[in-house]
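What TrEMBL records for Ser87, His192 is active site. According to TrEMBL, the domain 'Malonyl-CoA:ACP transacylase (MAT)' annotation covers 6-286.
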Amino acid sequence: MSNCWLFPGQGTQRRGMGAQVFDLYPGLVTKADAILGYSLRELCLRDPDGRLGRTEYCQPALYVVNALMFLERRRREPWPRYLAGHSLGEYSALYAAGAFDFETGLRIVHRRAQCMATAGTGAMLAVIGLEVAQLTALVDELGLGALEVANYNLPTQTVMSGPEREITLLDDAIQARELARTVHLHVGGAFHSSYAAQAAQRFNRELDQFELHDPVHPVVSSVTARLYEPGTVRTILEAQILKPVQWVATMAWLRAQGVHDGAQIGPGRVLDGLWERYEPAAMAQVSSN
């Protein structure tokens with residue numbers, strides 16, 4: 001039994017994902033195709049036009065694959081103590097916890113993806129190997145105050161959001177000084193920052209059209225790094241596009257509850273890797289779906 005199931009978000013998509021579960025849940029795949037207006041199986045398994053890397057396609061695809069992998073995992077194992085999701089993955093956790101049904105969740109994610117795909121200018125840069133304090137000190141030194149922290153993934157892995165020029169200047173400085181490894185994220189804008197305000201406003205108007213319920217299983221929000229309280233699903237999802245992903249704080253909260261066994265439910269092992277590197281090796285028991 002896992003103490004927590006962890007659902008990954010955008011950036012973990014890859015061609016071939018879902019191959020082991022699409023045939024197990026053909027009815028849900030058919031419903032997804034009808035909602036999206038294209039073949040999800042073809043997108044995930046073949047991706048002939050290279051669309052899987054685009055926000056408007058990868059977010060719905062990940063939601064569906066995460067959901068199907070959850071259903072298969074749930075068929076074989078008892079419920080964990082907690083559920084959590086990284087950014088987009090939080091929608092998968094909320095679906096698993098009963099905040100909305102499969103189709104409603106997909107419609108919400110589809111609208112979210114469309115809003116975020118048109119977020120406008122901006123970029124995101126992952127910095128691996130610098131502590132947050134060191135990174136923010138460097139940003140201040142370079143006079144790049146327009147940049148904002150978007151993801152706290154590990155104590156030494158942080159994602160920055162902001163204008164493309166400032167992101168490039170930060171990357172150049174890090175490379176010139178050989179301070180850390182950097183990765184430019186292929187997304188549609190400067191997500192999880194104030195630069196996504198217009199996308200967030202559009203999405204919040206879309207979200208108003210849907211009925212949301214309180215989770216019936218404990219879900220830890222990556223916005224607050226705390227459990228969802230009654231009546232908070234809508235307000236947290238409204239804030240999520242603008243707020244940084246508090247994954248370090250989420251893992252810290254889970255550990256404080258005595259959780260030492262986490263399992264990623266979704267393609268790849270990104271969250272497994274973050275869990276392993278955050279937890280002392282002797283205490284971490286990470287299993288992958």
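Each residue, glycine too, has its Cβ placed from N, Cα and C.
The two recorded residues, His192 (active site) and Ser87 (active site), have Cα atoms 9 Å apart.
Counting every protein chain shown, 23 other Cβ atoms lie within 10 Å of the Cβ of His192 (active site). For Ser87 (active site), the same-chain residues 6+ apart in sequence whose C-beta sits under 8 angstroms from its C-beta are Gly9, Gln10, Asn151, Phe191, His192, Ser222, Gln240, Val245.
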